[in-house]
C-alpha cells in the first residue's frame, strides 16, 4: 500500500527506478589505428551490404531501435555494443551460410574490438519481430515475405549506422 500511495502522492514512479540504468557498459576500444576495422570489419560490412538486395525506399523508415540507440558523442561504444548484439539475432534467420559467416564476423569482430565489460543483469534479447496470427496460407506467405523484407531493411540500416559510427570513432582518434 505504501508503494501505491507514494506513486500517487508524488505523481511519479519511485526515483530509484528512474535513476538506475538497465545495463551500462564500460568499453575500451582496441585497435585504435583502424587496421582491424579497415581490413576485416569494413570488408565484411561491404560484402553484407552487397548481399542485401532490395529497393532503397525502406531506408526512409527509421525503426525504434535507432530512436532509442544512437551513435551520439561519447555514446559510440555503447551504440556499437548494442548494434553488434542486435546483429547476433539475425543469425537465427533462414539465411545462407556465407551471409551468416559475414554477419558473425562483423558482430564478433566489433565486440572484440570494443572489449566491453557489462555491468548489469543479462537480458534475453527481444525477438526480431512478434509472431502474427495466420488467417490463411496465402496471407501467411505474404506476411512472412514482408517480415523478411522489413528485417533486411533494418539490417541494411543497422550496417550503415555501424559503419558510420566506426568512421566517427576513427576520425575522432586521428584528430586527437
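Residue positions begin at 1 at the first shown residue.
Any Cβ shown, glycine's included, is placed from N, Cα and C.
Over all protein chains present, the Cβ of residue 27 (disulfide bond) has 17 other Cβ atoms lying within 10 Å. Look at Swiss-Prot and you will find 27-165 (among others) tagged as disulfide bond, backed by similarity to another entry.
Feature annotation from Swiss-Prot assigns disulfide bond to 58-153 (among others); the stated evidence is similarity to another entry.
Residues annotated as disulfide bond in Swiss-Prot: 71-116 (among others). Following the DSSP three-state reduction, the secondary structure of residue 71 (disulfide bond) is coil.
Marked as N-linked glycosylation site by Swiss-Prot: 94 (among others). In the shown protein chains, 6 other C-beta atoms lie within 10 A of the C-beta of residue 94 (N-linked glycosylation site). Secondary structure at residue 94 (N-linked glycosylation site), taken from DSSP and collapsed to helix, strand or coil, is coil.
If you look up Swiss-Prot, you'll see 115 (among others) marked as N-linked glycosylation site. Taking the Cβ of residue 115 (N-linked glycosylation site) as centre and 10 Å as the limit, one finds 13 other Cβ atoms among all the protein chains shown.
Here Swiss-Prot flags 140 (among others) as N-linked glycosylation site, drawing on sequence analysis.
Sequence annotations record features per position, and here Swiss-Prot assigns region 'Disordered' to 118-143.
As annotated by Swiss-Prot, signal peptide applies to 1-25.
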From 94, 153, 165, the recorded positions whose CA lies within 10 Å of that of residue 116 (disulfide bond): none
Within 10 angstroms of residue 27 (disulfide bond), Cα basis - recorded positions out of 71, 94, 115, 153: 115
Inter-residue C-alpha distance, residue 115 (N-linked glycosylation site) and residue 94 (N-linked glycosylation site) (nearest angstrom): 29
Candidate recorded positions 71, 94, 165, pick with smallest Cα gap to residue 153 (disulfide bond): 94
